[in-house]
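*Asks:* What Swiss-Prot records for this protein is below:
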ACT_SITE  D58  active site
ACT_SITE  E130  active site
BINDING   E54, D127, E130  Mg(2+) binding site
DOMAIN    9-141  domain 'RNase III'
DOMAIN    168-237  domain 'DRBM'
Amino acid sequence: MNESERKIVEEFQKKTGINFKNEELLFRALCHSSYANEQNQAGRKNVESNEKLEFLGDAVLELFVCEILYKKYPEAEVGDLARVKSAAASEEVLALVSRKMNLGKFLFLGKGEEKTGGRDRDSILADAFEALLAAIYLDQGYEKIKELFEQEFEFYIEKIMKGEMLFDYKTALQEIVQSEHKVPPEYVLVRTEKNDGDRIFVVEVRVDGKTIATGRGRTKKEAEKEAARIAYEKLLKERA
């Protein structure tokens with residue numbers, strides 16, 4: 001880590017109260033592949049992205065969620081548990097948890113990802129959260145993960161079990177728009193962009209021909225979901 005990176009790592013620990021023995025693990029968890037590639041191409045040696053930690057974190061998350069389900073819902077059918085596990089470990093839920101702890105603020109992103117709104121993209125936040133789980137697991141063990149996140153995930157799991165939270169921003173946006181305008185929102189692919197060699201889809205969501213939000217993603221579906229989320233949150237603020 002250089003000095004500016006260390007300051008961000010230290011600020012993350014101060015703001016969240018999650019203190020690492022090995023700060024390099026935390027740095028790696030916060031390091032998106034676009035940033036690692038950019039730094040390595042600039043001549044730095046062995047700047048590693050969070051992809052391997054994300055791989056481990058996916059398994060840690062699955063165990064964590066399954067343990068909560070096994071203990072709290074002993075009478076539930078296996079099929080129901082599998083459905084809830086999938087929802088509780090979904091990109092949408094992980095992005096919610098990430099936003100609550102302001103994880104996006106501390107991510108190291110390449111210039112392209114920064115420019116295209118990667119800091120608040122569900123997929124990037126969810127991947128970074130999984131990487132963070134792995135880093136905590138390696139640094140402080142599984143019990144620390146339970147201490148930090150068990151209560152929050154129990155809350156989401158309970159809502160999912162009750163059918164109150166299988167959240168779909170596109171459906172939620174459509175309900176608001178149709179109640180006010182009597183027509184569904186329209187999703188329009190306006191262009192594609194290049195970012196570190198990857199194609200980024202840019203989608204506008206429109207109501208009565210007027211653009212209300214723009215989303216970006218590595219697939220058209222992801223860009224539509226992002227546009228729907230931004231539009232939904234914007235409309236909620238306007239209603240408040």
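Backbone N, Cα and C define each Cβ position, glycine as well.
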*Asks:* Using the Cβ centroid of E54, D127, E130 as the reference point for the Mg(2+) site, which residues of the same chain not in that list have Cβ within 8 Å?
*Replies:* N50, E51, L53, F55, G57, D58, A126, A128, F129, A131, A134
*Asks:* Do you know offhand how many angstrom separate E54 (Mg(2+) binding site) and E130 (active site) by C-alpha?
*Replies:* 5
*Asks:* Compute the C-alpha separation of D127 (Mg(2+) binding site) from D58 (active site), stating it in Å without decimals.
*Replies:* 9
*Asks:* Quick one: Cα separation, D58 (active site) versus E130 (active site), in Å?
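*Replies:* Counting only the Cα atoms, the answer is 6 Å.
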*Asks:* Can you check which residues sit near E130 (active site), meaning Cβ under 8 Å from its Cβ, same chain, 6 or more apart in sequence, and list them in order?
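*Replies:* Spatial neighbours, sequence-distant, of E130 (active site): L53, E54, G57, D58, V60, L61, L94.
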*Asks:* Here are the recorded positions: D58, D127. Which has the lowest count of other Cβ atoms within 10 Å?
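*Replies:* Per-residue Cβ counts within 10 Å for the recorded positions D58, D127 bottom out at D58.
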*Asks:* Using a 10 Å cut-off, grab the number of neighbouring Cβ atoms around the Cβ of E54 (Mg(2+) binding site), all chains included.
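*Replies:* Result for E54 (Mg(2+) binding site): 21 neighbouring Cβ atoms inside 10 Å.
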*Asks:* Under DSSP, the domain 'RNase III' (9-141) has how many residues in helix, strand and coil?
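*Replies:* Its residues fall into 99 helix, 2 strand, 32 coil.
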